[in-house]
Amino acid sequence: MIEVNGLTKRYGGTTAVKDLTFTVHPGRVTGFLGPNGAGKSTTLRMILGLHEPSSGTVTVGGRPFRERPRGLRQVGSLLDAHDVHGGRTAMAHLSALAAGNRIPRRRVEEVLREVGLVKAARRRIGGFSLGMKQRLGIASALLGDPPVLIFDEPLNGLDPEGVRWVRDLFRRLAAEGRTVFVSSHLMSEMEHTADQLVVIGRGELIAAESLAEFSARGTRSCVMVGSSALPALEPLLTAEGATVRREDGLLAVTGLTAARIGEITQRHGIPVHHLSARASSLEEAFMELTADSAQYLAGGTR
Amino acid sequence: MTNTNARATAGTPANDAPTAGTPIADAPATGTPTAGTPDAGTPTTGTPDAGTPGAGTPTADTPGTVTPDAGTPTAGTPGVGALTAFEPRARFRDLLASEWIKLRSLRSTWVAYGATASAVIALNAGTAYDTYSNWTQQDSEGRAAFIRDGIPLATAFNANALMIMMLALGAIGALMIIGEYGTGTIRTTFAAVPARRSVMAAKALVLTAVTTVFGAFAAGASFALTQLILEGRDAGVPLSHPGALRVVLASALLAPVSALVGMALGTVLRNTAATMVTAGVLLLVLPVAFGDDGHWQAVVGHATLYQAWIRIVEVGFAPSPFPWTASGAWTVYAVWALAAAVLAIISVHRRDQ
């Protein structure tokens, strides 16, 4: 479990992260979302004790991470796939990490097999593609078999097969009872990966809730209706409490279900040639909420 | 993935209600946004997914992972509780092993040490060969004077070779840490071992050990080779010759001291160019700039490594208005080495990485 409490980080005059409070629970995949520059990486570095918070606290498993003498058995992390020395082989890189944390040598081979890098184990990392480096980073995160795992943009550079593999892996890790915290700037990546979301914008918390709750916060879903008698239909729908607006010759109706609209049109004998429900995407919810935060921080003008 | 060191703290009430009731086993599989919805409050009767080794039954394929309090999950408790990690006692020698692996797994390490050793030994041997070729002493008396004046020892390790060795070793020491800052590996390192000062202490110790071996080899080989060449004129001296061991020792030890200085500068400056310039100034410019022109200049000069080396290896040194002792010069070595190690170790503690 990761507990972030009132976390603030200032670099000189700029505030990268402001009064962030949220909890990441074990047993699920929690997505950490925000546009580029929202303060995700800064937050992750503070969780890992690499950066000192200006104020506030962050604990992993009840203790600040920096208090622990060795980290890999507590938290496995992949902050940046490029945070490796290109001159070493994958095997040497992992062996050095394992040795420092008193992790048996065979774990190195195990994680290399797990991420599919056995054949590249004795090649120098400098020649790796980004996707291979991501796999190596994931291997190092898994090395200590930790209860908490943190990944910063792990899907970058992975091919579709790799993306699917990573998603399955995250779900499995969460199902094993681990805390899995994954950052991304793309909502679409999280849609099929995360159960919970922590959303930040401009360093401030926007939402910390389940994926379902989050998507409900965006524009409510609406129903598109096409009819040759729209002028007659409009007042009937608004009388039922719906909000309507014209959109490309169709009527966008919010506040009524498609079934209810069907009943109304049938009762009044209004011909309908189009009736479709349109769910708001998470992407829209995300854009809307982060745009709000940007507007708020810019001083209320847009 | 086998769960080697995680165990479930099953039986304890889960720390938070939503986790407690959420059927974890199926939540990730659905992919639809259902997790965390109100149905989470109903207690699940099902046992955790069979494929989750972390829950309930600790797997014991690593000796020592079995913990006595890993009880069986009681009925009705959440299938998956918070895992806690098995943590063996942290040992400093693990960090030494880690740093040693890092050092030896880089090809550039071997290239740098090899090239420096070759350059140093070649320079010394070349000087000796020069003396051999331009031999002027005809009689045994001349040869005795040659030895008495300490020229064989001065040839064993000359100042040019020393300066090159200092600068190269300073760079090698600096790159051991800048290599991590430059590539970002330092974050991986400190995320794996949050005890940063221990990491740096291990780095400094491994560097000291390796460069001491290097220094001993470079100085020893230089001595052996130069004396072998001079022997061709019957003018070489053995290691048992008075002052010979001192020359080899003073030259050899300058390798680890220079390397530690480089590492300290690299840790503080984190930048190759800035570090190399500063190292050049401290190791080479200062000792030349501050001579025996006045009292304070002499004090500064005597505090430099290069002048300390000269003081130690000198045979029958010329009288100076500001004389100092050889043990004073050895102290200069020790102070530089210690100060550098301390600086490298403490400077990582507070700064953001």
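The backbone N, Cα and C atoms fix where each Cβ goes, and this holds for glycine too.
Keep in mind the model is a prediction, meaning the values are calculated, not measured.
Annotated features, as they stand in TrEMBL:
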type	residues	note
COMPBIAS	B:16-82	compositional bias 'Low complexity'
REGION	B:1-82	region 'Disordered'
TRANSMEM	B:110-129	transmembrane segment
TRANSMEM	B:161-183	transmembrane segment
TRANSMEM	B:204-225	transmembrane segment
TRANSMEM	B:245-265	transmembrane segment
TRANSMEM	B:272-290	transmembrane segment
TRANSMEM	B:330-348	transmembrane segment
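The stretch from B:110-129, B:204-225, B:245-265, B:272-290, B:330-348 that makes the most Cβ contacts under 8 Å with the transmembrane segment (B:161-183) is B:245-265. Taking every listed stretch (B:204-225, B:245-265, B:272-290, B:330-348) in turn, the largest tally of C-beta pairs under 8 A with the transmembrane segment (B:110-129) is reached by B:204-225. Residues 153, 156-157, 162, 165-167, 169-177, 203-204, 207-208, 211-212, 214-216, 218-220, 222-223, 239, 275, 278-279, 282-283, 305, 309, 312-313, 333, 336-337, 339-341, 343-344, 347 of the same chain lie 6 or more positions beyond the ends of the transmembrane segment (B:245-265) yet place their CB under 8 Å from a CB of it.
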